[in-house]
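Trainee: Quick one: this structure, given as C-alpha coordinates, is what I'll be asking you about.
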(Lines of atoms letter the chains of each structure in order from A and count residues from 1; the text may use other names and numbers.)
(Lines give C-alpha, C1' and ligand atoms only; values in the text may rest on other atoms or scores of the structure.)
Protein backbone atom coordinates (compact mmCIF):
# COMPACT_ATOMS: atom_id res chain seq x y z
CA UNK A 1 0.00 0.00 0.00
CA UNK A 2 1.35 3.46 -0.85
CA UNK A 3 2.31 5.27 2.36
CA UNK A 4 2.91 8.96 3.07
CA UNK A 5 6.00 9.44 0.85
CA UNK A 6 4.40 7.68 -2.10
CA UNK A 7 1.17 9.67 -1.76
CA UNK A 8 3.12 12.93 -1.48
CA UNK A 9 4.98 12.07 -4.69
CA UNK A 10 1.74 11.26 -6.50
CA UNK A 11 0.22 14.56 -5.33
CA UNK A 12 3.26 16.52 -6.53
CA UNK A 13 3.11 14.82 -9.93
CA UNK A 14 -0.63 15.38 -10.23
CA UNK A 15 -0.23 19.07 -9.39
CA UNK A 16 2.34 19.39 -12.16
CA UNK A 17 -0.03 17.85 -14.71
CA UNK A 18 -3.66 18.58 -13.83
CA UNK A 19 -3.68 21.72 -11.67
CA UNK A 20 -5.93 24.37 -13.29
CA UNK A 21 -7.49 21.85 -15.69
CA UNK A 22 -11.29 21.69 -16.00
CA UNK A 23 -13.25 18.43 -15.96
CA UNK A 24 -15.13 17.83 -19.21
CA UNK A 25 -16.28 14.24 -18.77
CA UNK A 26 -15.86 11.34 -16.36
CA UNK A 27 -16.08 7.68 -17.36
CA UNK A 28 -16.55 5.28 -14.47
CA UNK A 29 -15.93 1.61 -15.26
CA UNK A 30 -16.10 0.31 -11.70
CA UNK A 31 -18.87 2.04 -9.72
CA UNK A 32 -17.87 0.21 -6.51
CA UNK A 33 -14.88 2.53 -6.11
CA UNK A 34 -17.08 5.63 -6.13
CA UNK A 35 -18.66 5.70 -2.71
CA UNK A 36 -22.04 6.86 -1.38
CA UNK A 37 -23.40 8.31 -4.60
CA UNK A 38 -24.50 7.05 -7.98
CA UNK A 39 -21.78 7.41 -10.68
CA UNK A 40 -23.99 9.85 -12.58
CA UNK A 41 -23.93 12.20 -9.58
CA UNK A 42 -20.13 11.97 -9.37
CA UNK A 43 -19.99 12.97 -13.03
CA UNK A 44 -22.41 15.85 -12.54
CA UNK A 45 -20.48 17.00 -9.45
CA UNK A 46 -17.14 17.18 -11.29
CA UNK A 47 -17.96 18.35 -14.82
CA UNK A 48 -17.14 22.03 -15.34
CA UNK A 49 -15.05 22.33 -12.17
CA UNK A 50 -11.40 23.38 -12.21
CA UNK A 51 -8.73 21.63 -10.13
CA UNK A 52 -7.26 24.35 -7.91
CA UNK A 53 -4.67 22.20 -6.16
CA UNK A 54 -4.04 18.67 -4.96
CA UNK A 55 -2.89 17.93 -1.42
CA UNK A 56 -3.05 15.06 1.02
CA UNK A 57 -3.96 14.13 4.56
CA UNK A 58 -1.98 11.04 5.43
CA UNK A 59 -2.57 8.51 2.66
CA UNK A 60 -5.62 10.36 1.32
CA UNK A 61 -5.32 12.45 -1.86
CA UNK A 62 -7.43 15.63 -1.80
CA UNK A 63 -8.50 17.43 -4.98
CA UNK A 64 -9.56 21.00 -4.19
CA UNK A 65 -11.98 22.20 -6.88
CA UNK A 66 -13.85 25.39 -7.73
CA UNK A 67 -17.18 26.11 -6.01
CA UNK A 68 -15.82 24.72 -2.71
CA UNK A 69 -15.96 21.16 -4.01
CA UNK A 70 -13.63 18.36 -2.94
CA UNK A 71 -12.81 14.97 -4.42
CA UNK A 72 -11.01 12.45 -2.21
CA UNK A 73 -8.98 9.56 -3.59
CA UNK A 74 -7.36 6.70 -1.68
CA UNK A 75 -5.03 4.38 -3.60
CA UNK A 76 -5.43 1.49 -1.14
CA UNK A 77 -3.20 -1.44 -2.15
CA UNK A 78 -2.01 -0.49 -5.62
CA UNK A 79 -4.01 2.33 -7.20
CA UNK A 80 -2.16 4.28 -9.90
CA UNK A 81 -2.71 7.33 -12.08
CA UNK A 82 -1.57 7.91 -15.67
CA UNK A 83 -1.78 11.28 -17.41
CA UNK A 84 -1.97 11.83 -21.17
CA UNK A 85 -1.75 15.14 -23.02
CA UNK A 86 -4.07 13.64 -25.62
CA UNK A 87 -6.05 10.46 -26.06
CA UNK A 88 -3.61 7.51 -25.94
CA UNK A 89 -3.48 5.04 -28.82
CA UNK A 90 -3.71 2.18 -26.34
CA UNK A 91 -4.94 2.13 -22.76
CA UNK A 92 -3.30 0.16 -19.97
CA UNK A 93 -5.03 -2.77 -18.30
CA UNK A 94 -7.27 -2.48 -15.26
CA UNK A 95 -8.59 1.04 -15.94
CA UNK A 96 -11.27 1.82 -13.34
CA UNK A 97 -12.04 5.43 -14.34
CA UNK A 98 -11.00 8.10 -16.84
CA UNK A 99 -11.18 11.82 -16.14
CA UNK A 100 -11.30 13.93 -19.31
CA UNK A 101 -10.33 17.61 -19.33
CA UNK A 102 -11.42 20.48 -21.54
CA UNK A 103 -7.95 20.86 -23.08
CA UNK A 104 -8.09 17.30 -24.45
CA UNK A 105 -5.88 15.68 -21.81
CA UNK A 106 -6.91 12.63 -19.77
CA UNK A 107 -6.21 11.23 -16.31
CA UNK A 108 -6.63 7.46 -15.99
CA UNK A 109 -7.05 5.64 -12.69
CA UNK A 110 -6.06 1.97 -12.77
CA UNK A 111 -5.86 -0.78 -10.20
CA UNK A 112 -5.54 -4.53 -10.77
CA UNK A 113 -7.10 -5.24 -7.37
CA UNK A 114 -9.77 -2.54 -7.18
CA UNK A 115 -9.94 -1.53 -3.52
CA UNK A 116 -9.30 2.19 -4.07
CA UNK A 117 -11.96 4.72 -3.14
CA UNK A 118 -13.32 8.06 -4.33
CA UNK A 119 -15.54 10.36 -2.27
CA UNK A 120 -17.01 13.76 -3.05
CA UNK A 121 -17.36 16.42 -0.38
CA UNK A 122 -17.59 20.16 0.20
CA UNK A 123 -14.94 22.38 1.75
CA UNK A 124 -17.03 23.06 4.85
CA UNK A 125 -17.42 19.41 5.85
CA UNK A 126 -14.72 17.21 4.31
CA UNK A 127 -12.65 17.08 7.51
CA UNK A 128 -15.67 16.53 9.75
CA UNK A 129 -17.01 13.30 8.24
CA UNK A 130 -15.51 10.01 7.10
CA UNK A 131 -13.17 9.08 5.61
CA UNK A 132 -11.08 11.98 6.99
CA UNK A 133 -12.81 12.74 10.29
CA UNK A 134 -10.53 10.52 12.38
CA UNK A 135 -7.33 10.87 10.37
CA UNK A 136 -4.54 12.39 12.47
CA UNK A 137 -1.76 14.70 11.36
CA UNK A 138 1.40 13.26 9.83
CA UNK A 139 4.69 13.00 11.81
CA UNK A 140 5.90 16.31 10.40
CA UNK A 141 2.71 18.10 11.41
CA UNK A 142 1.76 16.64 14.78
CA UNK A 143 3.19 18.28 17.91
CA UNK A 144 5.23 16.12 20.24
CA UNK A 145 2.99 16.39 23.32
CA UNK A 146 -0.08 15.27 21.37
CA UNK A 147 1.84 12.33 19.91
CA UNK A 148 3.30 11.33 23.28
CA UNK A 149 -0.07 11.56 25.04
CA UNK A 150 -1.68 9.32 22.45
CA UNK A 151 1.04 6.71 22.77
CA UNK A 152 1.01 6.87 26.57
CA UNK A 153 -2.65 5.81 26.57
CA UNK A 154 -2.02 2.77 24.37
CA UNK A 155 -1.03 -0.56 25.90
CA UNK A 156 -0.95 -1.92 22.35
CA UNK A 157 2.45 -2.74 20.84
CA UNK A 158 4.20 0.15 19.13
CA UNK A 159 4.18 -1.37 15.62
CA UNK A 160 0.38 -1.54 15.21
CA UNK A 161 0.05 1.75 17.09
CA UNK A 162 2.16 3.51 14.45
CA UNK A 163 -0.09 2.00 11.78
CA UNK A 164 -3.19 3.48 13.43
CA UNK A 165 -4.10 6.49 11.27
CA UNK A 166 -6.03 8.09 14.15
CA UNK A 167 -2.79 8.27 16.18
CA UNK A 168 -0.50 9.59 13.44
CA UNK A 169 -1.15 9.42 9.72
CA UNK A 170 0.84 8.21 6.75
CA UNK A 171 2.91 5.42 8.33
CA UNK A 172 2.37 1.94 6.91
CA UNK A 173 4.14 -1.38 7.19
CA UNK A 174 7.32 -0.39 5.34
CA UNK A 175 8.10 2.78 7.25
CA UNK A 176 6.98 1.47 10.64
CA UNK A 177 9.69 -1.20 10.38
CA UNK A 178 12.29 1.37 9.29
CA UNK A 179 11.35 3.90 11.98
CA UNK A 180 11.49 1.32 14.76
CA UNK A 181 14.85 0.03 13.56
CA UNK A 182 16.28 3.55 13.48
CA UNK A 183 14.89 4.09 17.00
CA UNK A 184 16.20 0.71 18.30
CA UNK A 185 12.74 -0.32 19.44
CA UNK A 186 11.31 -3.83 19.23
CA UNK A 187 7.97 -3.82 17.36
CA UNK A 188 6.20 -5.63 20.23
CA UNK A 189 7.11 -3.03 22.87
CA UNK A 190 3.95 -1.67 24.54
CA UNK A 191 3.45 1.93 23.45
CA UNK A 192 2.66 3.18 26.95
CA UNK A 193 5.98 1.89 28.31
CA UNK A 194 8.08 4.09 26.05
CA UNK A 195 9.86 7.00 27.71
CA UNK A 196 9.47 10.56 26.46
CA UNK A 197 12.98 10.42 25.04
CA UNK A 198 12.17 7.27 23.08
CA UNK A 199 8.96 8.80 21.73
CA UNK A 200 10.93 11.89 20.67
CA UNK A 201 13.33 9.58 18.87
CA UNK A 202 10.47 7.84 17.08
CA UNK A 203 9.01 11.14 15.90
CA UNK A 204 12.39 12.49 14.80
CA UNK A 205 13.23 9.33 12.86
CA UNK A 206 9.76 9.19 11.34
CA UNK A 207 10.11 12.72 9.96
CA UNK A 208 13.61 12.09 8.61
CA UNK A 209 12.79 8.74 6.99
CA UNK A 210 9.51 9.87 5.44
CA UNK A 211 11.08 13.07 4.11
CA UNK A 212 14.06 11.22 2.63
CA UNK A 213 11.79 8.69 0.96
CA UNK A 214 9.68 11.50 -0.48
CA UNK A 215 12.83 13.11 -1.95
CA UNK A 216 13.69 9.79 -3.61
CA UNK A 217 10.23 9.25 -5.07
CA UNK A 218 9.02 6.73 -2.48
CA UNK A 219 9.64 2.98 -2.23
CA UNK A 220 8.77 0.90 -5.29
CA UNK A 221 8.09 -2.39 -3.56
CA UNK A 222 5.64 -4.83 -5.13
CA UNK A 223 3.71 -2.62 -7.55
CA UNK A 224 4.09 1.01 -6.46
CA UNK A 225 4.57 3.59 -9.21
CA UNK A 226 3.84 7.29 -9.12
CA UNK A 227 2.33 9.08 -12.11
CA UNK A 228 2.93 7.46 -15.52
CA UNK A 229 4.69 4.37 -14.17
CA UNK A 230 7.61 6.25 -12.60
CA UNK A 231 9.28 4.20 -9.87
CA UNK A 232 10.76 5.45 -6.62
CA UNK A 233 14.26 4.73 -5.32
CA UNK A 234 13.97 4.57 -1.53
CA UNK A 235 13.64 0.77 -1.61
CA UNK A 236 17.40 0.80 -2.26
CA UNK A 237 17.95 2.43 1.14
CA UNK A 238 15.71 0.26 3.33
CA UNK A 239 17.57 -1.11 6.34
CA UNK A 240 15.28 -3.94 7.53
CA UNK A 241 12.03 -4.11 5.58
CA UNK A 242 12.19 -7.00 3.07
CA UNK A 243 15.71 -7.86 4.38
CA UNK A 244 14.98 -11.18 6.11
CA UNK A 245 18.17 -13.22 6.45
CA UNK A 246 20.43 -10.35 5.43
CA UNK A 247 23.03 -8.92 7.79
CA UNK A 248 22.13 -5.87 9.87
CA UNK A 249 24.11 -2.84 8.71
CA UNK A 250 24.78 -1.87 12.34
CA UNK A 251 25.67 -5.12 14.11
CA UNK A 252 25.83 -7.86 11.42
CA UNK A 253 23.12 -9.96 13.07
CA UNK A 254 20.64 -11.48 10.66
CA UNK A 255 17.41 -9.55 10.11
CA UNK A 256 14.35 -11.53 11.19
CA UNK A 257 10.79 -11.52 9.95
CA UNK A 258 7.81 -12.38 12.13
CA UNK A 259 4.08 -12.27 11.61
CA UNK A 260 2.88 -9.71 14.13
CA UNK A 261 -0.74 -8.61 14.44
CA UNK A 262 -1.30 -9.94 10.93
CA UNK A 263 1.59 -7.96 9.42
CA UNK A 264 4.94 -9.17 8.15
CA UNK A 265 7.37 -7.39 10.47
CA UNK A 266 11.13 -7.04 10.00
CA UNK A 267 13.59 -6.19 12.76
CA UNK A 268 17.10 -6.80 14.07
CA UNK A 269 17.02 -9.07 17.15
CA UNK A 270 20.25 -7.53 18.47
CA UNK A 271 19.67 -3.82 17.85
CA UNK A 272 16.00 -4.02 18.82
CA UNK A 273 16.01 -5.94 22.09
CA UNK A 274 12.96 -5.25 24.21
CA UNK A 275 14.90 -4.69 27.42
CA UNK A 276 16.60 -1.65 25.87
CA UNK A 277 13.43 0.19 24.96
CA UNK A 278 11.73 1.31 28.12
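Yeah, the Cβs are placed from backbone N, Cα and C, and that goes for glycine too.
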Trainee: Per Swiss-Prot, what member of 94, 119 joins 113, 154 in binding DNA at one site?
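Mentor: For the DNA site that includes 113, 154, Swiss-Prot also lists 94.
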Trainee: What recorded positions among 59, 113, 263 are found with a C-alpha within 10 angstroms of that of residue 2 (active site, schiff-base intermediate with DNA)?
Mentor: 59
Trainee: Around the Cβ of residue 3 (active site, proton donor), how many other Cβ atoms lie within 10 Å? Please give the count over every shown protein chain.
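Mentor: Residue 3 (active site, proton donor) is surrounded by 23 other Cβ atoms within 10 Å.
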Trainee: Taking the Cα atoms as reference points, how far is residue 59 (active site, proton donor) from residue 3 (active site, proton donor) in Å?
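Mentor: Residue 59 (active site, proton donor) to residue 3 (active site, proton donor), Cα-Cα distance: 6 Å.
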Trainee: How long is the line from the C-alpha of residue 113 (DNA binding site) to the C-alpha of residue 263 (active site, proton donor), rounded to the nearest angstrom?
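Mentor: Cα of residue 113 (DNA binding site) to Cα of residue 263 (active site, proton donor) measures 19 Å after rounding.
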